[in-house]
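Asks: Provided herewith is a single structure, encoded as C-alpha cells, for subsequent inquiry.
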Amino acid sequence: MKIAILPGDGIGPEIVAQAVNVLNVLGESFEMETAPVGGAGYAAHGHPLPEATLTLAKQADAILLGAVGDWKYDTLERALRPEQAILGLRKHLNLFANLRPAILYPELAGASTLKPEIVSGLDILIIRELTGDVYFGQPRGVRIATDGAFIGEREGFDTMRYAETEIRRIAHVAFQAAQKRDKRLTSVDKANVLETFQFWKDIVTEVHQEYPDVALDHMYIDNASMQLIRAPKKFDVIVTGNMFGDILSDAAAMLTGSIGMLPSASLDANNKGLYEPSHGSAPDIAGKGIANPLATILSAAMMLRFTLAKPEQADRIETAVKKVLAQGLRTPDIYEPGTTKVGTEEMGNAVVRALT
Ligand code: IPM
Ligand code: MG
C-alpha cells in the first residue's frame with residue numbers, strides 16, 4: 001500500500017515526520033513517497049499543487065498531509081497561494097466527505113476554555129461536505145453591478161449551489177456514520193433564508209427514509225453555533241455544507257481545548273482519503289520544535305481505519321496517544337502546571353515507545 005506524504009509548510013514537516021515514525025514502527029510494509037505541496041510546492045515548482053504532486057496523490061492509496069500556508073505567500077495571486085493546493089486536491093480527487101471528530105480526552109478537560117462539566121466526555125463528529133457550495137460555485141469574481149441600488153459600482157460575488165447528487169452522497173455518509181455511533185444526526189442549514197439550504201434540508205429529509213434507525217433533526221447554522229457552545233454534548237453527528245462546516249468545525253475544535261489534538265479525514269466515494277490535522281501551518285512556531293504532533297499522528301490512525309482497513313493498528317495508535325497523555329506529557333499548546341512540557345520530537349518518540 002502506497003502513502004503519499006505531503007508535509008507542506010510551517011510546522012507541517014515537523015509534525016508529519018513524527019507521524020511517519022509512528023507508521024514505520026507498526027510492522028506493516030507501507031511504501032511512502034514524499035512530495036512538496038502548498039508554499040513548498042510553489043517554491044520548488046512554481047505552483048502550490050505541482051503536477052508531480054497531484055499525480056502522486058492520485059496514484060497513492062492514501063495521502064498524509066501536514067499543513068499549508070505561510071505569510072510569505074500571502075501576496076501571491078489567488079491561484080498561486082498555498083490554500084489552492086488543498087482546494088485542488090479536494091476537487092481533483094473528489095474528496096467530498098470531510099470527517100472532523102471533536103473528542104475531549106479526559107486528561108485535557110482543563111485545557112478547554114469552557115467549564116469542564118460542559119465539555120468533559122465530549123465526543124462529536126462533524127461531517128462537512130467538501131467539494132461544493134459557495135467554495136467552488138461558478139460564476140464568481142468582481143464585476144460591475146447591472147441592477148439594484150448599487151448599479152454601476154464594482155461588486156464582489158460568489159455562487160452558492162448544491163446539486164442533488166452532492167447532497168445525497170454526503171447525507172448517506174452522515175447517516176451511516178451515525179448508525180455506527182449514537183444514531184443521532186443533526187443537519188445544519190440556513191433553510192429560513194437560502195434556497196440552496198432549503199433544497200439541502202429537503203434532500204436530507206428524503207434520504208432519512210432509508211435510515212429509520214437514525215434520529216434526524218435540522219438546525220439553522222446560527223442556532224447550531226450557539227448550541228455547540230451551550231451544550232455541545234447534546235450532539236452526536238452533525239452534517240453540513242462546505243462553508244458552514246468550515247466555521248462550525250473550528251468552533252468544535254476549540255471546545256476540546258486545543259486544535260493541536262484533532263485529526264481529520266477527507267474521503268471520496270471509495271474511502272480513498274486525504275488525512276491531515278485540523279489545524280493550520282502555524283508559521284509563527286515553525287522550526288522551533290514545539291508544535292503538537294498528536295493531531296497528525298491521530299490522522300495517521302484515521303487513515304489506517306478508513307482507507308487502509310487496519311482498524312487494529314488505528315486502535316493501537318489511539319491507545320498509545322492516550323497513554324502518553326496519561327503519562328503527563330504535554331506540548332506547550334496543551335500544557336498545564338503539574339504536567340511535563342515536551343517538544344514535538346519528544347512527544348512523537350513517546351508515542352513510538354508507547355506502541356512498542
Ligand atoms: C480548512 C481550512 C481550508 C478551508 C482553507 C485552508 C482553504 O480552513 O480545511 O478548514 O477553508 O476549507
Ligand atoms: Mg477551516
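Note: Cβ is positioned from N, Cα and C throughout, glycine not excepted.
All annotation found in TrEMBL is predicted automatically rather than curated by experts.
Below, the features straight out of TrEMBL:
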type	residues	note
BINDING	Arg90, Arg100, Arg128, Asp222	substrate binding site
BINDING	Asp222, Asp246, Asp250	Mg(2+) binding site
BINDING	Gly280, Ser281, Ala282, Pro283, Asp284, Ile285, Ala286, Gly287, Lys288, Gly289, Ile290, Ala291, Asn292	NAD(+) binding site
DOMAIN	2-351	domain 'Isopropylmalate dehydrogenase-like'
SITE	Tyr135	site 'Important for catalysis'
SITE	Lys190	site 'Important for catalysis'
Asks: Using DSSP reduced to three states, classify Ala282 (NAD(+) binding site) as helix, strand or coil.
Replies: coil
Asks: Using Arg90 (substrate binding site) as the reference point, find which of the recorded positions Lys190, Asp246, Ala282, Asp284, Lys288 has the shortest Cα-to-Cα distance to it.
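Replies: That would be Asp246, the closest of Lys190, Asp246, Ala282, Asp284, Lys288 to Arg90 (substrate binding site).
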Asks: Rounded to a whole number, how many Å is the Cα of Asn292 (NAD(+) binding site) away from the Cα of Arg128 (substrate binding site)?
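Replies: About 24 Å separates the two Cα atoms.
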Asks: Near ligand 1, meaning Cβ under 6 Å from any of its atoms: which of the recorded positions Arg90, Arg128, Lys190, Asp250, Asp284, Asn292 fit that description?
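Replies: Checked recorded positions vs ligand 1; nothing flagged, none.
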Asks: Tell me, which binding-site residues from Arg128, Gly280, Ala286 are within 10 Å of Asp246 (Mg(2+) binding site) if we use the C-alpha atoms?
Replies: Arg128
Asks: Excluding Asp222, Asp246, Asp250, please set out which residues of the same chain place their CB within 8 Å of the center of the CB atoms of the Mg(2+) site, keeping sequence order.
Replies: Ile221, Ser225, Met243, Phe244, Gly245, Ile247, Leu248, Ser249, Ala251
Asks: Do me a favour and check the Cα-Cα span between Asp222 (substrate binding site) and Ile290 (NAD(+) binding site); whole Å is fine.
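Replies: For Asp222 (substrate binding site) versus Ile290 (NAD(+) binding site), the Cα atoms are 35 Å apart.
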Asks: Validating a neighbour-count step here. Other CB atoms within 10 A of the CB of Lys190 (site 'Important for catalysis'): how many?
Replies: 20
Asks: To the nearest whole angstrom, what is the C-alpha distance linking Asp250 (Mg(2+) binding site) and Arg100 (substrate binding site)?
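Replies: Cα-Cα distance, Asp250 (Mg(2+) binding site) to Arg100 (substrate binding site): 10 Å.
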Asks: Radius 10 Å, atoms counted are CB only; among the binding-site residues Ala282, Ala286, which position scores highest?
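Replies: Output for this query is Ala282.
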